[in-house]
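Pulled from Swiss-Prot:
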type: SIGNAL; residues: 1-27; note: signal peptide
type: DOMAIN; residues: 39-126; note: domain 'Ig-like C2-type 1'
type: CARBOHYD; residues: ASN44; note: N-linked glycosylation site
type: DISULFID; residues: CYS57-CYS115; note: disulfide bond
type: CARBOHYD; residues: ASN70; note: N-linked glycosylation site
type: DOMAIN; residues: 136-219; note: domain 'Ig-like C2-type 2'
type: CARBOHYD; residues: ASN140; note: N-linked glycosylation site
type: DISULFID; residues: CYS157-CYS202; note: disulfide bond
type: DOMAIN; residues: 223-310; note: domain 'Ig-like C2-type 3'
type: DISULFID; residues: CYS244-CYS296; note: disulfide bond
type: CARBOHYD; residues: ASN285; note: N-linked glycosylation site
type: CARBOHYD; residues: ASN293; note: N-linked glycosylation site
type: CARBOHYD; residues: ASN306; note: N-linked glycosylation site
type: LIPID; residues: ASN322; note: GPI-anchor amidated asparagine
Amino acid sequence: MGVCGYLFLPWKCLVVVSLRLLFLVPTGVPVRSGDATFPKAMDNVTVRQGESATLRCTIDDRVTRVAWLNRSTILYAGNDKWSIDPRVIILVNTPTQYSIMIQNVDVYDEGPYTCSVQTDNHPKTSRVHLIVQVPPQIMNISSDITVNEISSVTLLCLAIGRPEPTVTWRHLSVKEGQGFVSEDEYLEISDIKRDQSGEYECSALNDVAAPDVRKVKITVNYPPYISKAKNTGVSVGQKGILSCEASAVPMAEFQWFKEDTRLATGLDGVRIENKGRISTLTFFNVSEKDYGNYTCVATNKLGNTNASITLYGPGAVIDGVNSASRALACLWLSGTFFAHFFIKF
């Protein structure tokens with residue numbers, strides 16, 4: 001919009017036109033001077049969004065009239081303010097310097113500014129370009145997500161800023177130097193594995209201010225895997241405990257069987273306790289009939305697995321006494337009936 005669009009009085013428009021004619025500065029066409037040292041405006045001015053920008057113009061006693069323009073709009077002519085923007089103020093108007101300030105600078109203030117002077121002989125101009133920098137800001141980022149193992153995952157992180165920020169993704173839930181880094185708005189993970197679960201950090205950086213950082217959590221579901229199951233030896237009349245530990249997401253539910261019979265707390269003097277990843281089967285007073293093989297079954301919505309654990313008495317010879325046999329199994333669970341096929345290893 002031209003300057004007359006901002007003014008309410010026709011005579012002011014006439015004065016502006018007169019100023020342009022007086023300075024011989026047609027709209028949008030600054031006059032060039034052969035004297036490169038006069039007037040002398042600053043080099044390009046770079047400020048951050050929200051700061052104040054000072055535009056200085058060096059002049060001398062040959063100057064009879066002086067003005068600051070933004071493109072074709074006069075901001076100040078001498079001490080007279082023509083801009084209706086309250087953020088624009090005059091700082092210095094002396095025989096050697098003519099300076100204005102733009103407060104609380106925003107991106108729309110960026111562009112060319114012209115110092116125009118009139119001497120006894122010729123009109124002269126000098127131009128400065130205002131550059132507005134904007135700190136990085138993440139505007140849109142993916143929400144926390146839960147997926148099944150072997151799925152594909154795409155995370156999005158959109159950021160703005162001036163200069164345009166660099167967006168980097170980093171996996172936080174691994175040791176330093178072991179996680180992968182992606183310099184892109186999109187992070188794509190194909191056939192995601194359980195060890196790729198955890199927090200992912202998006203960082204937007206453009207060196208204007210501290211990076212903007214946000215995090216996304218990926219939860220990877222996977223079927224149970226029995227990581228620890230140990231055979232136990234105990235004498236008749238003593239307390240015996242069989243323990244079974246399973247890793248799974250969601251957390252596994254446990255069941256205990258002896259042959260085809262499902263065990264329950266309070267039956268035959270046993271107690272079953274499930275705490276997190278560990279399930280224990282406790283015998284408070286072991287008898288001869290308690291000796292034998294027990295099966296721990298761990299189940300979640302993605303599948304199940306089991307391990308065979310032996311409770312044995314003194315002098316018994318057990319293969320692999322330090323670890324129970326594990327098995328991949330096909331299971332049918334219905335009431336107390338338990339059928340299975342083992343592939344032992």
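Each Cβ is built from the backbone N, Cα and C atoms, and glycine gets one as well.
Given the structure is predicted, the values throughout are model-derived calculations rather than measurements.
Where Swiss-Prot records a feature, it is marked here on the structure.
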{"residue": "ASN44", "record": "N-linked glycosylation site", "Cβ within 10 Å": "11"}
{"residue": "CYS57", "record": "disulfide bond", "Cβ within 10 Å": "26"}
{"residue": "ASN70", "record": "N-linked glycosylation site", "Cβ within 10 Å": "20"}
{"residue": "CYS115", "record": "disulfide bond", "Cβ within 10 Å": "26"}
{"residue": "ASN140", "record": "N-linked glycosylation site", "Cβ within 10 Å": "11"}
{"residue": "CYS157", "record": "disulfide bond", "Cβ within 10 Å": "25"}
{"residue": "CYS244", "record": "disulfide bond", "Cβ within 10 Å": "27"}
{"residue": "ASN285", "record": "N-linked glycosylation site", "Cβ within 10 Å": "11"}
{"residue": "ASN293", "record": "N-linked glycosylation site", "Cβ within 10 Å": "15"}
{"residue": "CYS296", "record": "disulfide bond", "Cβ within 10 Å": "25"}
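In this structure, the C-alpha atom of ASN140 (N-linked glycosylation site) lies 11 angstrom from that of CYS202 (disulfide bond).
When Cβ atoms from all protein chains are considered, those within 10 Å of CYS202 (disulfide bond) total 25, not counting its own. Looking at the domain 'Ig-like C2-type 1' (39-126) alone, the prediction's average pLDDT is 93.
Residue pair CYS202 (disulfide bond) / ASN285 (N-linked glycosylation site) shows a Cα separation of 57 Å. Secondary structure of the domain 'Ig-like C2-type 1' (39-126) per DSSP, as helix, strand and coil residue counts: 3 helix, 52 strand, 33 coil.
Across the domain 'Ig-like C2-type 2' (136-219), DSSP helix (H, G, I), strand (E, B) and coil residues number 3 helix, 48 strand, 33 coil.
A coil conformation is recorded for ASN285 (N-linked glycosylation site) in the three-state DSSP classification, outside any helix or strand. The Cβ of ASN306 (N-linked glycosylation site) has 27 other Cβ atoms within 10 Å, all protein chains considered.
Within 10 Å of ASN306 (N-linked glycosylation site), counting C-alpha to C-alpha distances, fall the following of the recorded positions ASN44, CYS57, CYS157, ASN285, ASN293, CYS296: CYS296.
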